[in-house]
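The region 'Disordered' feature in TrEMBL is assigned to 25-111, 409-446, 528-564, 616-638. Sequence annotations record features per position, and here TrEMBL assigns compositional bias 'Basic and acidic residues' to 36-87, 544-555. Annotation source TrEMBL lists repeat 'WD' at 124-165, 225-267, 321-355. Annotated compositional bias 'Basic residues' per TrEMBL: 428-446, in sequence order. If you look up TrEMBL, you'll see 621-630 marked as compositional bias 'Acidic residues'.
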Amino acid sequence: MYNKSKGKGTSNPGDDWEALRAMFPTNFGMEKPKKKYDWFEADSKKDKDKKKEDKEEDNNNKKDKDKTEITEKSDIPLKEDLHKNQESDQEIDEKDDNNNSDSDSDSDMELNYKIPPISHEVKLEGHTKMVSALSLDPSGSRLATGSYDNYVKLWDFNGMDMSLRSFRTIEPEEGNQIVDLKFSITGDQILIATNGSMPRLYDRDGILIEEYIKGDPYLQDMRKTKGHIQALSSCMWHPYDKQVFMTSAADSTVRLWDVNQKRSHKDIIVVKSKNRGTKTRISSACFNLTATNIAVGAQDGIIRIYDPRSISRPSITIEEAHMSGSDIGSLEFSRDGRLLLSRATDDTLKLWDIRHESKPLFVQRDLNCFYAETNAIFSPDEQYVLTGTSVKKEDGPGQLKIYYTQGAPLDLNGNNDNDNDDNDNDHHHHHHHKKDKKKNKKGHRGRSFDEAYSLEVGRHSVVKLLWHQRINQILVGNGDGATYVLYDPEKSINGAKLCANKQPRRKKVDEYEFISRSSGQIYTPHAIYKEGSSGNSKRKREKLRNDPIASHHPEMPLNGPGRGGRVGTNYTHYMMKHIMKDTTHDEDPREALLSYAKKAEENPYFIAPAYKKNQPKPVFDESELDEEELNREVKRRA
């Protein structure tokens, strides 16, 4: 029975059941009806399909007959056929475009690095001095360049057009040159090292995130200092830990930092010099791909390789790797971590096997190097080694040198010992070396360590190099302040290709600014005056909101002791610094007026032109009054 105790009025149980049933789908609790004649329906479908095919064939045959009759009568094609052909051509083109897009996506996965992409060039101008640092984010869309002009410029290939302008300029530390910079492994942060002692961390839009501490310069034991005390020389991110980065400096230390700890380094490597009691400048430091080794190049000519688990002493030491007193400005490991490439200011390029460090696998001499920032890199497939040469301004452009590296491990068996000996000898043996080079090129792509390409880039020295794996493009930092992007339209992807032929956006009518010549303002006398109504304020507010610098909250002055590299202050000191005292009451008014006498004679403007004809020379009242007469005159005027 239905319970009527709940509720004030009576209700029908059928209504409640219908309301409950409305909440469920219509087929809830129902079985699907079984078809008794499924075989009959399938046969009928087959018959229908056959009939459709027969009709289509008959129609096609009729059309073909009509076409043949018309072509026999006249050679003019039908409009319908032309229209259909155009549609079919469009469909084919769309299919081809889809195939091309698919091929581009496939080319992102498999790129060919056998031939360097050097057929085309794009020039990025903006710096006034040598480009000393280059870095691309992992996607290859955003570029950061640093220079000796103390500025860092950010470039966005996706947003640039043919004008090739950077979208942001940063000055990390006033008066200090940029030494090195690196994008993080995720591409959202930029680590910048300058000639100062404090590394800085920025986001990808150029906003300062953190400034790391400077050490105490009065402490002699470097292990007790919390930061560098001399100029930085290089910086590098951890290969797979985005919270750790490494810096080296002239204070004979290499320091590992935690991104979230700005007050002190995480770990420190103190490099001991040959001469006891002295320090040696660290010019470069790098991780291998697995972060199991840290290679350190010092000014004493020694390359030291440390194990991060025990950094008290180097696990491998390469004595006399380069000339003592020269900067080993570039070190780079191969992917397997066995080969080490070094470039120094002693005009040499060397390739080492860290398992047999007594003798280099390859030595290339007479490569002029004037700057410690000159680097050497492997190609993405490690078939080539790239480096640049330095020249004086009068000697013309520098050169980009590309050498073969295939077969380098075979030298351990003694196959190419004679070739290395030839390289170590004087210039008398170079003619024989060139002959052997030509012979080996007949049956093979090129003997290992032969010169593959040599091309002139820019107007001055070739300093910094970068070959990005994902977009297959080579970036060259030049001594003339420009960055050159070398690419191949067929083998490279995105990057400079996006902006090389991109036309600048045309301005709309409401974006033009009309300014009068006289006062710089436009007056509309019959319009309603509104205070501050100049242009489209909404659009300006949106631009300011999108600008990270304009919308960044200013930093307030510190109270009390300084922290984070900033000097502490109080409000009294701040007011005295920014609000200067008025010292005009200490000046003599007569001397202040006489200081403008020469200007008044040279350029008379107000009173003097009125007396120019009648009284060209001014006559002054030089009579002196006594004190009594002066007092009378004062009383009379009062």
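Glycine too: its Cβ is placed from the backbone N, Cα and C atoms.
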Do any residues of this chain, six or more beyond the ends of the compositional bias 'Basic and acidic residues' (544-555), have a C-beta under 8 angstroms from a C-beta of it, and if so which? 205-207
Which residues of the chain, 6 or more past the ends of the repeat 'WD' (225-267), have a CB below 8 A from one of its CBs? 179-182, 184-186, 189, 191-199, 201, 210-217, 219, 273, 279-291, 294, 296, 298, 308, 311, 372, 564
Cβ under 8 Å, sequence separation of at least 6 from the ends of the repeat 'WD' (321-355): give me the contacting residues as numbers and ranges. 281, 283-290, 292-293, 295-303, 305, 361-378, 382, 385, 387, 403, 405, 408-409, 412, 449
For the repeat 'WD' (225-267), what are the DSSP-based totals of helix, strand and coil residues? 0 helix, 19 strand, 24 coil
Secondary structure composition of the region 'Disordered' (616-638) [DSSP: H/G/I, E/B, coil]: 11 helix, 0 strand, 12 coil
Counting by DSSP secondary structure, give me helix, strand and coil numbers for the compositional bias 'Basic and acidic residues' (544-555). 3 helix, 0 strand, 9 coil
For the repeat 'WD' (124-165), the DSSP residue counts stand at 0 helix, 18 strand, 24 coil
